[in-house]
Amino acid sequence: MLTPPINLHAWIEEHRHLLKPPVGNKCIQQDGFIIMVVGGPNARTDYHYDEGPEWFFQLEGEMVLKVQDEGVARDIPIRAGEVFLLPPKVPHSPQRADGSIGLVIERERLPTEQDGLQWYCPQCNHKLYEAMFPLKNIETDFPPVFDRFYRSPALRTCSQCGHLHPAPERYATVEG
């Protein structure tokens, strides 16, 4: 049975209170594609690795999509009204401004595919840590990987330059 159309603007107004940290992300449909509305602000330091493409449509405000492009860190600004198709297998870290709202569309993963979360040294861009896993639910599969990385000073210390990657405030007791 077909689902009825969604009035996206009305959906956003009704759910705007959910599009804030710490999650800021709500899946509105999932049937072949994962269609999410994502609000800012956020302060992610991880890079997401997806074996498929991702489509970004910035509805309100702006964002910067940090990417690792052939070993070089780059910033791609995406402003309200703009769309961007990220090719498969490009590590990316969406940085959303306060009050911003975007639509992100990813295809559902094939049974053989894995997602990844990666962290790079903010000083020298050396890859610090990578975890690959089959993605079932973006809202529940990411947090254990975040916890593993941020709770471990060993994982966060760069083997190239010795810099300790900062952890979010909620992990502050790990370093104390």
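Including glycine, each Cβ sits where the backbone N, Cα and C put it.
Together with His48, Glu54, Swiss-Prot lists one candidate of His9, His15, His92 for binding Fe cation 1, that being His92. In this structure, the CA atom of Cys124 (Fe cation 2 binding site) is 19 Å away from the CA atom of His48 (Fe cation 1 binding site). What surrounds the Fe cation 1 site, by Cβ distance within 8 Å of the Cβ centroid and not counting His48, Glu54, His92, is the set Tyr47, Tyr49, Asp50, Leu65, Leu86, Val90, Pro91, Ser93, Pro94, Glu106 from the same chain. The record assigns Glu54, Arg96, Glu106 to the substrate binding site, and the maximum Cα to Cα distance across that set is 18 Å.
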